[in-house]
Amino acid sequence: MNLFHLQAPFQATGDQPQAIAQLVNSIEKGNRFQTLLGATGTGKTFTIAATIEKIGKPTLVLAHNKTLAAQLCNELRQFFPENAVEYFISYYDYYQPEAYIPVSDTYIEKSASINDEIDMLRHSATRSLFERRDVVVVASISCIYGLGMPSEYLKASIGLEVGKEINQRQLLRDLVSVQYSRNDLDLQRGRFRLRGDVLELVPAYEDRVIRVEFFGDEIDAIRYLDPVTGNSLQSLERVNIYPARHFVTPDDQLEAACQGIELELEDRLEELEKQGKLLEAQRLGQRTRYDLELLREVGYCNGVENYSRYLAGREPGQPPECLIDYFPKDWLLVIDESHVTIPQLRGMYNGDQARKKVLIEHGFRLPSAADNRPLKAEEFWEKVNQCVFVSATPGNWEIEQSQGQVIEQIIRPTGVLDPEIFVRPTEGQVDDLLGEIKQRIKRKERVLITTLTKRMAEDLTEYFQERGVKVQYLHSEISSIERIEILQNLREGEFDVLIGVNLLREGLDLPEVSLVAILDADKEGFLRAERSLIQTIGRAARHIQGQAILYADNLTDSMIKAMEETERRRNIQMAHNKRHGITPQPIVTRSSNAILSFLDISRRLNAQQLEKVYDQADELPLEKVPELIGQLEEQMKEAAKKLEFEEAAKYRDRIQHLRDKLLGH
């Protein structure tokens, strides 16, 4: 019996059936790695969903950012409405890591804002992995960070069953020990209340209320309640209450951890004093002893993750346990856009260690803090059972690992061909391009233009605007929310031409684009490498009349390879259409409104305007202060994202000042 039940309004077509059969065959043979080389718009997600259904293994789908993970999760939930499709990304709305800048002697404390809903989804993912096998978890790369110990997390869960006798007081103590808090007035996720013989709690992994009714010390009934109406939704025979936090440390292990921290502290202080670093020694001793006192008293301290090696009982250098360790041994990994995700996977460890090294050297953290880290690439691959790489342009490493198991998916279900490619000289390229743009505007089609430099993109935008073309420029400083809005405006025809330096990022699903123009196509480098050219040309692959113009005076190896690969795909597609009598049909895709509906997009003041408003904050009406705080928080998050810690700290202090102003009134 199949664990997964795929539901789709269409059947596999084109070369999807062949790709599905080959993937399933390769995985069932026990091959560790295989690659799905799928052209843009060929329905790779459907192919993966069909493969998951036939293989029937718990699956982790890895994406390289939150937005792409959300899109994949939504698609897979539509394909598997009866199964557990979970979403696991970093739960921080805003995260500024602890940092020290030696040049200015500036220490910045860790500051973070946790998204409660995402935290609930993370708990829901681990709960599903414990309770069922028909699970697909769509995760960002943050899943390689430590997540407590699955064995301790499961051991700490509280099992309740109708008819079971249990001491109510002991049950309350058990709930507190797994990080639930009592609140008889405001029942929220991670809280419980007791009224007479009725216990109500909201578990960490969902927003429904669990009601446990007692008759003496015997459990009489267990029900799910609607959190708003209080109506009974479902009666249960038994239920497991999992801890409110993933990091669970038993009392005996906590004391052993504290003793280990003390021993390391003594050794490190001696080492620093021998080096003449008296300030660093004093700083480290004071901070660590304060943390130890908190750990012993309340079992928690700010920055507790820096002691995770001791709390989890790991040896020095031993990899942390993460989401992957919650999967059973026979799990399946799918890496989407593998040509981007795998390099990101390799870089996570090095970036984390560089920041920690500075903190350790200057006495802010013990050397063991370096073990609070993401997995190294080699540690990650040691945990992988079987893997499918998915990309239109897989990297050499993926191809090598697949050892011949590279499955192509070239045919689009709609019959649309890869774009025609034209090479034109750079002399007079701008005026030539202007003529092409005007033709597309007449047909109500859209144009993408990619340049090599920001300056050229700006100049080109200005040039076209002066000639009456509705054009916008997409640059790296635009936030992801604004970016989605700009792309939506392009699709809806508010402007006709989009210019940018790197238009390879995910989310450029634009069926209205019929022309992609690549300027300076013969300048070798990352943005004009073979894979980058294929990806960029593919932006026009969703339009029946898709074309790509490469402006160049020479033919580089990358250009030749990209054109040969595109022509090879076109020939396969044309032969398939001719053989089956298929007439290409326009690709219809979901508008970005589905994403925008989840985002509160409002016009934001720029940094300079915010400075002026903040300077006059004392004269600002009280009802306007929360709005200013919200906009300052946006700037703080952007600064932290760019690793501008001092700037982010400045915004944090201003936000606190404004909150104090509100409280003072």
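Keep in mind that glycine also has a Cβ here, set from the backbone N, Cα and C atoms.
Features as listed in Swiss-Prot:
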type	residues	note
BINDING	Gly38, Ala39, Thr40, Gly41, Thr42, Gly43, Lys44, Thr45	ATP binding site
DOMAIN	25-176	domain 'Helicase ATP-binding'
DOMAIN	429-595	domain 'Helicase C-terminal'
DOMAIN	626-661	domain 'UVR'
MOTIF	91-114	motif 'Beta-hairpin'
Lowest local Cβ density among Thr40, Thr45, which the record lists as binding-site residues, within 10 Å: Thr45
Cβ within 8 Å of the mean position of the Cβ atoms of Gly38, Ala39, Thr40, Gly41, Thr42, Gly43, Lys44, Thr45: remaining residues of the chain near ATP: Thr47, Ala392, Gln409, Arg412
Structural state census, the motif 'Beta-hairpin' (91-114) (DSSP three-state): 0 helix, 15 strand, 9 coil
Helix, strand and coil totals (DSSP H, G, I; E, B; other) for the domain 'UVR' (626-661): 33 helix, 0 strand, 3 coil
